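K.L.:
Take this structure first; my questions come after.
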Amino acid sequence: MINYEVTVFTGNLALASTFNNVYITLVGTDGESKRIDLTSWKPSFFRGQVSLKPLCILKLFKTTCDVDLLFLFLFCFFQVSHFIVSCPKSLGKLVMIKLDKQKRFLQDSWYPAKVEVKSPKNKTYHFPIYHWITDSEVYCFREGTALRIFDDSNSHLGGCSRQQELKQRQKVFCWDVYAQGIPHCIKGNSIQSLPYDVHFSLTKTAEMKYTAVTGLVELELIEMAELKKNWTHIDDISHLLCAHRTQVTDFVHKHWKEDSLFGYQFLNGVNPMLIRCCKALPKNFPVTGDMVSLHGRGSLADEMMKGNIFLCDYKLLDGVQPNTINKKKQYLMAPLILLQKTPDNKLMPIAIQLKQKPAKDNPIFLPTDSEYDWLMAKIFVRSADFNFYEVSVHLLRTHLLAEVFTVSLLCNLPMVHPLYKLLMPHTRYTLQINVLARQLLISKTGVLTRYAASGGKGIITILQKSLSSLTYSSLCIPDDIAERGLKDVPNFYYRDDGLKLWEIIFRFVKEILTSYYKTDAEVQKDSELQKWIQDIYEHGFLSQASTGIPQKFSTVDEMVKFVTMVIFTCSAQHSAVNSGQYDFGAWMPNSPVTLQLPPPTKKGKASEKSMIDTFPNIQTTVHGMAVMWLLSKQSSDSVSVQVM
């Protein structure tokens, strides 16, 4: 008989163990083994098992003759899952295993991490699994060596082809339409409808439930959560920061009125995606050189020619229907902001127009206006920025696109595909967090729907308009920075760090993928790879050629760049536009989620009282703070990488 040593590893996750009967079949190029009942050797498979061969364990106890201690050690600590599968003849090269489990007492769930098989010739084959088995179906897992489809000479061996694996996945990972004109999503209106494989870990689940329920408590805001009164004094808002302060929240609280911080946030706040160099003023922003007071010498035209004038245009918000909160109409502007790079390398605002269409009741506000005229103009900009970045920059350009990349990956690439292996770690939690976002943030009862100026129809409108204007180049930070004319702007840390991270990811992706794809023809010939990008184009970008998203890959370079963008979007970009939300937004006047009075239509009318009356009420303020705190909170089981 030919003996194969089989070691089964159960994942170290909560509830990963099984007491069901577990069966395995080894499949090789020259045949397959009988279906072996592993539980006849070992009655259960416990979470976090470490499988050691008996010889290795004996070496640990070479200084003792205490056999009882040895067996106690084996049973209590390692829960060894080590088996022998005997065959009448060699199976040849092992290419696959089949696993299934059958109900013993009751049907439970099992999370095997991997299986290792050592052949009689001392060759060890690795079969990565990392998959919840919840039923009595037979599951096929291929040997771990990455293979493109046209390299896989055994793709149909044993009745478990790559196509069958994908068909099995496509039954549970299906496309759905949440709303017309926005990226398609995973089909499933609740967490329970999602496959176990994409659920949060127990740690993450507990933290999310705890955070969602007690966020207001931790911020010591629970008693204010239903207060629908208006603020009466600016100092009263300061008390909201007492429970959870950071160096940044304190700095913002102290300096929020200053033009330098206002300008700085367009570069290094949570929305560094809108600012661009301005060489010519938009026709609907009639700023003249006589209006503005420039820093340093030179005219407005000269400063534009030198590349020192910058524009932020929130035109995507124009026409968005503002929310109604507590039966009171809210206000959301679509402002234009002109900024100047000063001789001391600061970015300072020099003009603000709060609506897109020039008119007498739409004045251009200037730093030389009265204190509260100018401050109110900046407050309306900051409120517009919150609604724009939360929906367009954060939700659409990271979360929803990451979901598209993930669903297409799961539907089109088998586990053995090199791109599946490369991208799968970057999809962690994506599907469940997005289902929660649709349930808790943007649904009819969601927090943003109830408390943000863009809530309700506005959110969908912003998503639709943002997707229709989105471009592939804007998702690739080197192209995006160049197109916006920001290569030489000083103190632009999003650019500096982002370009470094992009280059690191690019080099890594290129080294991995060029190991498998030597020529452009090999890329073109990989039907699974082509189906992946085709689904992204169709379901993510709704087949809009104007986006510039590739419909297929023709070259190795095209593939490498796109995969780099995917990883960058799911990791670095999301961190850049998400993690600082509470830091910059906890002090509400710097980032109001909504405003409940219209902007000034004439100069000289604004006052401290009108400013405070315009702020969101107490209830809306504290719920806005809580959602920013929740979204910014880092999970304790997050995975970070130190870049040297």
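In case you wondered, yes, glycine gets a Cβ from its N, Cα and C as well.
Reproduced below are the annotations present in TrEMBL:
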- 2-147: domain 'PLAT' (DOMAIN)
- 67-85: transmembrane segment (TRANSMEM)
- Asp108: Ca(2+) binding site (BINDING)
- 147-644: domain 'Lipoxygenase' (DOMAIN)
- His394, His399, His574: Fe cation binding site (BINDING)
K.L.:
Using only C-alpha positions, which one of His394, His399, His574 is spatially nearest Asp108 (Ca(2+) binding site)? These are the binding-site residues in the record.
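P.N.:
Nearest by Cα distance to Asp108 (Ca(2+) binding site): His399.
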K.L.:
Given a separation of at least six residues and a C-beta threshold under 8 Å, show me what packs close to His399 (Fe cation binding site) in the same chain.
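P.N.:
Result: Thr430, Ile433, Asn434, Ala437, His574.
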K.L.:
Where does the mean pLDDT land for the domain 'Lipoxygenase' (147-644)?
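P.N.:
Averaged over the domain 'Lipoxygenase' (147-644), per-residue pLDDT gives 91.
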K.L.:
Here are the binding-site residues: Asp108, His394, His574. Which has the lowest count of other Cβ atoms within 10 Å?
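P.N.:
Per-residue Cβ counts within 10 Å for the binding-site residues Asp108, His394, His574 bottom out at Asp108.
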K.L.:
Other residues with Cβ within 8 Å of the Cβ centroid of His394, His399, His574 at the Fe cation site?
P.N.:
Val393, Leu395, Arg397, Thr398, Ala402, Gln573, Val577, Asn578
